[in-house]
Amino acid sequence: KRQAILDRNHKVIAAPLGMGRNFLRLPSVSGRSSFVYSIVACSNLPKRRSIVLSFGHIMTENMTLEQLSANKCFEGEQRVYRHRSDTLKCDMTFGVFLPPAALEGKPCPVLFFLSGLTCTHENFIQKSGFQQHAARHNLIVVNPDTSPRGVEIAGQDDAYDFGSGAGFYVDAKEEPWSKHYKMYSYVTQELVDVVNANLPVVPGKRGIFGHSMGGHGALICALKNPGLYQSVSAFAPIANPTECPWGKKAFAGYLGSNPDDWALWDATHLVSQYESTPQELFIDQGAADNFLAGKQLLPENLLAAADGNDHIQTIFKQREGYDHSYFYIATFVAEHIAYHAALLTASA
């Protein structure tokens, strides 16, 4: 399974992808895209090998990662990668923590973390202390940036809550944002493909969590894609963005003036209408969070919507005395990691 497949002219027609993964990329005729297949069965026959392939999906050629850094951490390794994003039409950087088992080539579940306003990939890596807990549970943790970078859009750096560092994990419809600001598709499709192609992840064992704007992102990514994630949690999420100042500003700028378009990206609205595979949401909130008092987060609206939907179960923990900062996240990140690990390592 680590050998390439050659044609009669000894030209490579398929080659393994990732770190010890049983995936093959078969190039298209045009060379622009390729089909990815998973090896289901393989048997040795005289002078040739028979391989049974299951159909995957079309992926672009931009699956190659450039490693920017690697640091040993709790017997695992914290890495930072850069790649060219076709979805966002720019270079994107993201963090990857590989636990000890992954460094040995053993497939591990993967957990995605989405950060909040003004953050890059670095905040979670450097401030949360998640690595020791991910190492203990042998979880791969991937954390992307919060918006496209290196693009030229007038006004993108004018405010902390819109534009750079504030992609809100939606797919923008309004010009000029629609060309680059498609963080939802990036997180749920392209980044998942890149991770699957390059890291030793267990297929179908994927979780997502986030903080503030990223908590909103984690919730909508899970609710809009039943079955894509097997676990979801959120620290102080912007739970009802159509009703708060942050959300109204971002949604008007990215999505336009139609409230019906906004509702498609609001976790509270999605929960009220959710009728698919039963989903559990773990919501965590600091009681002394100034943004909670300022009505930017509104978790009570999401909980009320979930209370009337038998397809949604919620766990809500309010932490007395804790605010919105990374001190709060660092205090409870072990509990979130353990929560995801229990779901992602459970037998199907």
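Placement of Cβ uses the backbone N, Cα and C atoms for every residue, glycine included.
Note: TrEMBL annotation is automatic and uncurated.
Here's what TrEMBL has on this protein:
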- Ser212: active site, charge relay system (ACT_SITE)
- Asp289: active site, charge relay system (ACT_SITE)
- His324: active site, charge relay system (ACT_SITE)
CB contacts for His324 (active site, charge relay system) [other CB atoms within 10 A, all chains]:
21
Number of Cβ atoms other than its own within 10 Å, given for Ser212 (active site, charge relay system):
25
For His324 (active site, charge relay system) and Ser212 (active site, charge relay system), determine the Cα separation and express it in whole Å.
8
How big is the gap, in Å, between the Cα of Asp289 (active site, charge relay system) and that of Ser212 (active site, charge relay system), rounded to a whole number?
11
